[in-house]
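Okay, handing you the structure first.
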């Protein structure tokens with residue numbers, strides 16, 4: 001309210017939402033009581049009842065669906081908050097771990113386990129991360145519903161479970177490595193969103209490409225060969241198969257599966273961006289193209305990013321603007 005909003009206004013971001021649908025009692029009743037996306041048969045019936053052509057009714061429903069979505073200013077403020085947190089917690093983690101012996105030698109995570117001291121800096125690092133992911137868990141039900149809702153829900157559950165479980169079992173050393181690794185790319189994604197909201201397209205594309213590289217290197221390279229290696233093999237070698245070994249590693253492997261899914265989507269987006277010369281829209285969420293020339297609603301595309309049906313690189317939801325990259 002006091003930092004992000006003034007920044008957005010100075011960048012010329014207006015507090016205006018999508019085009020609002022014209023008032024119509026019959027269509028509003030259908031929208032609220034029956035369906036938000038009428039099929040062809042219902043569209044034909046409404047067309048005869050209102051003496052409107054089908055395309056006009058489709059456009060009304062598209063505008064009605066979009067008008068409840070958050071404004072660009074609201075999304076800019078949300079992304080700026082997340083960017084601030086991710087950047088701050090990442091540098092805090094790096095500064096803390098740089099002098100930690102287990103940062104350079106993962107076998108140190110298991111020496112003298114479970115009798116390892118819990119320092120105040122380590123404690124605050126854990127509590128901050130846990131509080132933030134709990135906030136994401138709750139806000140996911142009130143934020144705009146995106147098409148990867150289930151994946152993100154599983155991700156938040158696995159993350160909260162891992163943080164809580166590792167804290168209760170004093171596995172905080174390896175836990176700090178997992179947290180820092182995941183924070184390494186998140187602030188770059190939020191930076192790409194901020195650049196897109198401000199209509200700095202080249203900067204947005206650059207941040208997204210950098211995010212993609214860091215994400216793939218950390219989640220498909222460092223995470224399995226550094227983190228999973230120490231939790232699966234080094235821990236077994238040094239302390240043996242402790243009772244919670246299967247649960248702990250099961251949660252970590254679940255995260256790796258999600259990493260693979262997201263990496264595939266990021267690579268697909270990057271390849272499209274190289275062909276078109278810019279990053280296309282985020283198709284995870286439900287804000288649809290408002291083109292007056294579209295005959296059908298553009299919510300049938302799959303995957304995280306795609307172009308609108310008229311061939312332009314219009315944004316579909318999570319980030320407003322001409323084009324974008326998605327989380």
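Placement of Cβ uses the backbone N, Cα and C atoms for every residue, glycine included.
All TrEMBL annotations are machine predictions without curation.
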For the feature transmembrane segment as recorded in TrEMBL, pick the matching range from 43-62, 63-82, 123-142.
123-142
Pick from 207-226, 287-306, 307-326: which range does TrEMBL record as transmembrane segment?
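Per TrEMBL, the stretch marked transmembrane segment is 207-226.
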